[in-house]
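J.: Sending over a structure as structure tokens; questions will come in a sec.
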Amino acid sequence: MGVQGLWKLLECSGHRVSPEALEGKVLAVDISIWLNQALKGVRDSHGNVIENAHLLTLFHRLCKLLFFRIRPIFVFDGDAPLLKKQTLAKRRQRKDSASIDSRKTTEKLLKTFLKRQALKTAFRSSRHEAPPSLTQVQRQDDIYVLPPLPEEEKHSSEEEDEKQWQARMDQKQALQEEFFHNPQAIDIESEDFSSLPPEVKHEILTDMKEFTKRRRTLFEAMPEESNDFSQYQLKGLLKKNYLNQHIENVQKEMNQQHSGQIQRQYQDEGGFLKEVESRRVVSEDTSHYILIKGIQGKKVMDVDSESLPSSSNVHSVSSNLKSSPHEKVKPEREPEAAPPSPRTLLAIQAAMLGSSSEDEPESREGRQSKERNSGATADAGSISPRTCAAIQKALDDDNDEKVSGSSDDLAEKMLLGSGLEQEEHADETAERGGGVPFDTAPLTPSVTEVKECVTSGSSANGQTDSAHSFTTASHRCDTPKETVSLARAVKEASQISSECEVEGRPAALSPAFIGTPSSHVSGVLSEREPTLAPPTTRTHSDQGIDIHPEDPELQNGLYPLETKCNSSRLSSDDETEGGQNPAPKACSTVHVPAEAMSNLENALPSNAEERGDFQETIQLREVPEAAARELISAPKPMGPMEMESEESESDGSFIEVQSVVSNSELQTESSEASTHLSEKDAEEPRETLEEGTSRDTECLLQDSSDIEAMEGHREADIDAEDMPNEWQDINLEELDALESNLLAEQNSLKAQKQQQDRIAASVTGQMFLESQELLRLFGVPYIQAPMEAEAQCAMLDLTDQTSGTITDDSDIWLFGARHVYKNFFNKNKFVEYYQYVDFYSQLGLDRNKLINLAYLLGSDYTEGIPTVGCVTAMEILNEFPGRGLDPLLKFSEWWHEAQNNKKVAENPYDTKVKKKLRKLQLTPGFPNPAVADAYLRPVVDDSRGSFLWGKPDVDKISTFCQRYFGWNRMKTDESLYPVLKHLNAHQTQLRIDSFFRLAQQEKQDAKLIKSHRLNRAVTCILRKEREEKAPELTKVTEALDDAKGKTQKRELPYKKETSVPKRRRPSGNGGFLGDPYCSESPQESSCEDGEGSSVMSARQRSAAESSKISCSDVPDLVRDPPHGRQGCVSTSSSSEDDEDKAKTVLVTARPVFGKKKLKLKSMKRRKKKT
């Protein structure tokens, strides 16, 4: 720490020094202050402590010292003196309190952080935008303020866009380089290539096309035989065509990106666009054209009841794709068939969209003629009227599919619809005599019979009794009064299988057609009861397949299979304005294998509580209006359940799964049903059955789990909506203010914690050992001081073992140091050199006065006086002069008297300084003599020994850096190589400034005292010292004169010196006076001449007459002139003799030039005379 404020007082006496000027000097280094600086000052960019900061600091500073070829001697601190231990004990208490405060601050910091996080969460939940600050609200915008950016540009980052674009360009460049090296390496069909942006793909493909066109022979050799040349040309043509196709696809993709918005907008309005194409106009750079193909508006098509639709009006029928339920076609006769088969529907879509988007658009007249021709052939019997009606319904159902349908539902609807349509068409052909007989393949019988009942509407109690509920896809039939026999169902199944065989596909059995032998058919008669529907209500009609046991074909066993309607869907959105709408009640038998039921039982919860929780209504999917739900219930032992269609009382209809069958009942029923199987059925292979049933079971379980997840999300959303918003009534401005306050508090707490950590840090013995190890590796000597390192460095300086000390601790002056280098390792400051002689002559501060300043300012041995700075301390020394501790004793005595006489009127003769000093507070026992004794007689090692320096061990230093710093060999060599290069350089030439001392330059660099109070105090101190030493000087001179007995002769030089104009000194300045007169002021020169001549005369007489006066008095006289010289500089008054001398100095120069002028005039006169 040193004496507080002492460097500020001494800065006027220091001057800059270049580090190169210190080359070859032996300097002592106080390493203790280094360790403290590294421990408390070295931090990273975030203010955190760096690991092994003391070693890192020592390493870099060692390299700097050796780079300038300085020979350092490091001094470590020893045991602290008693006074310093007391001071350290007080500091330790402050450190402990600081560590406790640091922990408390950490807790506060954590709480503040949590509060801020809670506020951020509240902001995110309450709004999406940041609240406006008060400055933004109250500020009035200037007229030149630009409008705010759009939201997209605010949230977008140019740097992120640039990074993404750079990544794309790098990927493109890599692909191009790879293609140029190996053209066969790039696969344009790969996923990586497809994921590239269209622009990049287009550019790469274009480059590939040009490359293959020009440089094909480089990577593909020409055929040796002429017969193979045609094959070579064909391969090239195919590759070119292959690239052209990809380039066209990429161009379409780019056009679609530009024109996709137009197409989406047109479709949202209800229209239909076949294709939209956008390309640039070649003649104009900024123009594009947009080609729209297949525009069809949203129109209501009214079909005449007498005319039947044909293939010529397919496009007109397709315009009802977006039409509402009120705008549906109403034919004269209700069609008796369902929508067409998938093959028929695909053919219709192909006819609507065209064979290829590349074909040029045909004219409207040509297309109408083609449609007339195709319509003539279609009327001949290719498409029946029922098929056209089914097509109309299929197109109408596309709109309903968005609400309650899915891809699986559409597939099943198309399969079922195709079977019904073809069955009706087969009946017509049979009536005309064109029927074709066909065979039906028997289906594998199922094991367990499960009755399926489908209900429309919501149940009254809203609860379900089923523990094993699952949903499947359903099919909507728009003919509620139609009754389909079992024979027709068998025909449909067989016809579907035959169609699959013709198309080359495996006959996948639809879930809607699964049959069992006729011996196990449990017929269910459908009872139809009309249900009254109130006006403006939405009715959902369900169609079930009625199985008639009275059917003669069924009784005769003509068709050995029975149909099973596996599922039915409620999707009709017809609205009735009034009247009654009869809704049929249908029930069908569902057959589920035993393995499927066992797998379902294993997948469901085992215990009763979980089963009870599992009994709930499962919503299939959410729809904005009418939502359909299905219910498939396991059969009861009593018999089949009936399916009713009820009117929906809520916004959306749903289907519930209800069952009261337990696991044991299911197992018993499955065993009973298995006993009814015939021997012939048992012998049939079951592989296909097991595969089908396992697949169906997996689908059912997966659907069940998906529905449960959807139900859970829906309940969570409902709970979130019902939950009240806790932040609704909170003012956002208050939250803003609170957040800003918390942020400011968090920053202040961080700074406070870092400061407390610095205070709590302390140097340990382990740090000393590690630092000494690093010094040994560099070959630098070090010593362990008995107590204070500063005192040991001062001792080395006093005994001339070193040329100075590198330190920033001002305590070294109090221990008697003479040369100190400061700011050597500060990059922002120059190296400053301080000498004891300089500030002794300029400020009048000797060692005793420096110790007195330590009493007043505070140091490592004393606390000092509060509110006392360097200026006030100098004023105290000026007000109470004396030697040693006399000034402080006088000051303490006066202060106690002033405190005792507070009530008495103040002394009118007191100065302003004393009036201020009355307010100070002195500690009891001030001043303590032990402090001065500790500075004047420190415990040091005064032995004189030689110091040796070695060369750095590079290998061991690299190992040390790797262990403590984590550096590799390369990084260590980067720091050591410049140092080793300078150490190994052999330089014998000396610098020019080593031969002489630039005294004039040093005087010019000397800084002036800026403070007027300090300047006045220093001037008074120097005058008083000169006055004190004047009697001593006169006593010495009188003693010398008495010994010579020539007192009168001694006065003669003073009288002769008044006639200085007659005395000339040799000078090399061409007629001007010597250097002392030119570089110094007249006062300085007069003082120097007066005192210097007396000293020189005293020396001559003492040497000539061999006086008995001791030689110890002479050095004191020699040391006195600097004080007298400085006194002459600082004081404003001087003697009359000095003024006369100054005048005579100016006069003496005139006669010299005047005589020359007289000589010149006399010479001219002589020439004229001659």
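Every residue gets a Cβ built from N, Cα and C, even glycine.
Pasting the relevant annotations from Swiss-Prot:
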type: BINDING; residues: Asp30, Asp77, Glu788, Glu790; note: Mg(2+) 1 binding site
type: BINDING; residues: Asp809, Asp811, Asp860; note: Mg(2+) 2 binding site
type: COMPBIAS; residues: 306-323; note: compositional bias 'Low complexity'
type: COMPBIAS; residues: 324-336; note: compositional bias 'Basic and acidic residues'
type: COMPBIAS; residues: 363-373; note: compositional bias 'Basic and acidic residues'
type: COMPBIAS; residues: 455-474; note: compositional bias 'Polar residues'
type: COMPBIAS; residues: 539-551; note: compositional bias 'Basic and acidic residues'
type: COMPBIAS; residues: 659-676; note: compositional bias 'Polar residues'
type: COMPBIAS; residues: 677-698; note: compositional bias 'Basic and acidic residues'
type: COMPBIAS; residues: 1041-1060; note: compositional bias 'Basic and acidic residues'
type: COMPBIAS; residues: 1094-1110; note: compositional bias 'Polar residues'
type: REGION; residues: 1-78; note: region 'N-domain'
type: REGION; residues: 304-479; note: region 'Disordered'
type: REGION; residues: 520-587; note: region 'Disordered'
type: REGION; residues: 600-701; note: region 'Disordered'
type: REGION; residues: 980-1008; note: region 'Interaction with PCNA'
type: REGION; residues: 1010-1170; note: region 'Interaction with ERCC6/CSB'
type: REGION; residues: 1033-1146; note: region 'Disordered'
type: MOTIF; residues: 1153-1170; note: motif 'Nuclear localization signal 2'
J.: Through the lens of DSSP with three states only, how would you label Asp860 (Mg(2+) 2 binding site)?
T.: coil
J.: Measuring Cα to Cα, how many Å separate Asp30 (Mg(2+) 1 binding site) from Asp809 (Mg(2+) 2 binding site)?
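T.: Their Cα atoms are separated by 9 Å.
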J.: Could you please provide the mean pLDDT value for the motif 'Nuclear localization signal 2' (1153-1170)?
T.: 59
J.: State the Cα to Cα distance, in Å, between Asp811 (Mg(2+) 2 binding site) and Asp77 (Mg(2+) 1 binding site), rounded to an integer.
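T.: On Cα coordinates alone, these residues lie 13 Å apart.
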J.: Name the secondary structure element type, per DSSP in three states, that contains Glu790 (Mg(2+) 1 binding site).
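T.: For Glu790 (Mg(2+) 1 binding site) - judged by DSSP and reduced to three states - the answer is helix.
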J.: Give me the CA-CA distance between Glu790 (Mg(2+) 1 binding site) and Asp809 (Mg(2+) 2 binding site), in Å, as a whole number.
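T.: For Glu790 (Mg(2+) 1 binding site) versus Asp809 (Mg(2+) 2 binding site), the Cα atoms are 8 Å apart.
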J.: If the Mg(2+) 1 site is taken as the center of the Cβ atoms of Asp30, Asp77, Glu788, Glu790, which further residues of that chain fall within 8 Å of it by their Cβ?
T.: Ser32, Ile33, Val75, Ala785, Ala789, Ala791, Gln792, Cys793, Asp809, Asp811, Ile812
J.: Measuring Cα to Cα, how many angstrom lie between Asp809 (Mg(2+) 2 binding site) and Glu788 (Mg(2+) 1 binding site)?
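T.: Glu788 (Mg(2+) 1 binding site) has its Cα 12 Å from the Cα of Asp809 (Mg(2+) 2 binding site).
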J.: Please list, for the region 'N-domain' (1-78), how many residues fall into helix, strand and coil according to DSSP.
T.: 38 helix, 15 strand, 25 coil
J.: Going by a 10 angstroms cut-off between Cβ atoms, which of the binding-site residues Asp77, Glu788, Glu790 has the sparsest surroundings?
T.: Asp77
J.: For Asp811 (Mg(2+) 2 binding site), what is the secondary structure state per DSSP, taken as helix, strand or coil?
T.: helix
J.: Determine the Cβ neighbour count for Asp809 (Mg(2+) 2 binding site): the number of other Cβ atoms within 10 Å of its Cβ.
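T.: For Asp809 (Mg(2+) 2 binding site), the count of other Cβ atoms within 10 Å is 24.
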J.: Quick one: Cα separation, Asp77 (Mg(2+) 1 binding site) versus Asp860 (Mg(2+) 2 binding site), in Å?
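T.: Checking the Cα atoms of Asp77 (Mg(2+) 1 binding site) and Asp860 (Mg(2+) 2 binding site) gives a distance of 14 Å.
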